[in-house]
């Protein structure tokens, strides 16, 4: 009897346990369903990869954001001292973030580009409200739809007027060059026959702070294998530039290109500038350079935007209208092999790289001297992946001359041993000037490269394009005429004592600025609306 009762008890316990298990399982399933429902509701109107807040407000609420992923919700918290900027979709300094009170970034009405049945006649497309406008009005920088939707879906994937993918049967040298992934050598030359081109560039003003540095690097003793002096490209901004020094730099055979008049320090200015803004800044800068550095050979053909902020289609439309040959602002993410420069007739062969960049989407008759990111790892064979850096002085982990020397060698080998895409070394002069150890390492490296290789040339941006338009093997390139122009320049500077003009401008109120030039002093300090300095706005 006792055994029977015990058995009954065990059965009762088992049944109770099973019932509890079922109940717990049901509760868990209900909880999971609720979580899934909550997650589904949260994520229903979010774009792929979009970060958003659960709770709006200052303090930690402004540091915390979540994201919908295929494996569920993912959360991050910005480091101390930073808030998350919902519009920029990145952590930023507290003072710079003005949208803590918003949970999501602004939802913009999208046009009805893809529908089951056509909504519009041929050559027209539908706005978000169903009204039809001409296809060409989409993504032209002006809101033509009443709901503004024609300007809300304009990246390289969705712009209805975007450039087509590379078609090598149509895109042929000398006027056009493209390849599917950007790594193809012009004319499909074997890499071993391609001269290794290195472009050294410097940004910003040329003046007494850096003239001696440039003289030390380009001292007339460093020669390319064709016997000509090594050359560089200078992207010159206006304020504090000594134009007699620009004139002498050009006389020596270096390339002068434009880097804007104002060097406006508001990065979004360059991203959002109109075609007219870009023309005033860049074509205006060319007027100033040509007049006050007395450059009359139409050689100022290159553009680099301040802070490497690409200006989208507006920048490249301006460049076409103003007959600029090339841009060197767009950065390509670190890749092996690196990318060759390309023309903008066809779609860019890499993603638009950089935080909130505004890359062009349409076809443009402009060359892009793409800025390949450099690999900054100390030991590329063992170190884990690190993001690359476009400007040498933004490679923040270079701390000693030895590290810089190794960095130069490694990146040279990446280009030389693979597809020989031009190696760009882009500087601000102060980085070398303020670090003598880096300058010593740089000069030692240049001398070593020139001594050990008979197929490496330090050339200007325009000389790279000239070679690409008419590729020559390493044997032929020693007599390549465009590379022999101003081969070795002797003689005296254009003027020993330049005019030192103390000038003002209504556009730069409260400042008297010194303009040094070999030509006559102007009435006013040249600026955006008065680039000649004549006083006629």
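Quick reminder: no glycine exception, Cβ is built from N, Cα and C everywhere.
Whatever TrEMBL says is automated annotation, not expert-curated.
Per TrEMBL, the feature signal peptide maps to 1-20.
Per TrEMBL, the feature domain 'Chitin-binding type-2' maps to 40-102. Shown for the domain 'Chitin-binding type-2' (40-102): DSSP residue counts in helix, strand and coil, namely 11 helix, 22 strand, 30 coil.
The disulfide bond annotation in TrEMBL covers 120-132 (among others). All protein chains shown were included, and the count of other CB atoms within 10 Å of the CB of residue 132 (disulfide bond) stands at 16.
Residue density at residue 145 (disulfide bond): 21 other Cβ atoms are found within 10 A of its Cβ, drawing on all protein chains shown. Annotation source TrEMBL lists disulfide bond at 127-145 (among others).
Taking the Cβ of residue 139 (disulfide bond) as centre and 10 Å as the limit, one finds 23 other Cβ atoms among all the protein chains shown. Annotation comment: TrEMBL describes 139-154 (among others) as disulfide bond.
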With a 10 Å radius around each C-beta, find which of these disulfide-bonded residues (120, 127, 154) has the fewest other C-beta atoms nearby.
120
Can you grab the distance from residue 127 (disulfide bond) over to residue 120 (disulfide bond)? Cα atoms, rounded to a whole Å.
10
Want to know which disulfide-bonded residues, from 120, 132, 145, are within 10 Å of residue 154 (disulfide bond) at Cα; which are they?
none
Nearest-integer angstrom distance between the alpha carbons (Cα) of residue 132 (disulfide bond) and residue 145 (disulfide bond):
8
Cα-Cα distance linking residue 145 (disulfide bond) and residue 120 (disulfide bond), given in Å to the nearest integer:
14
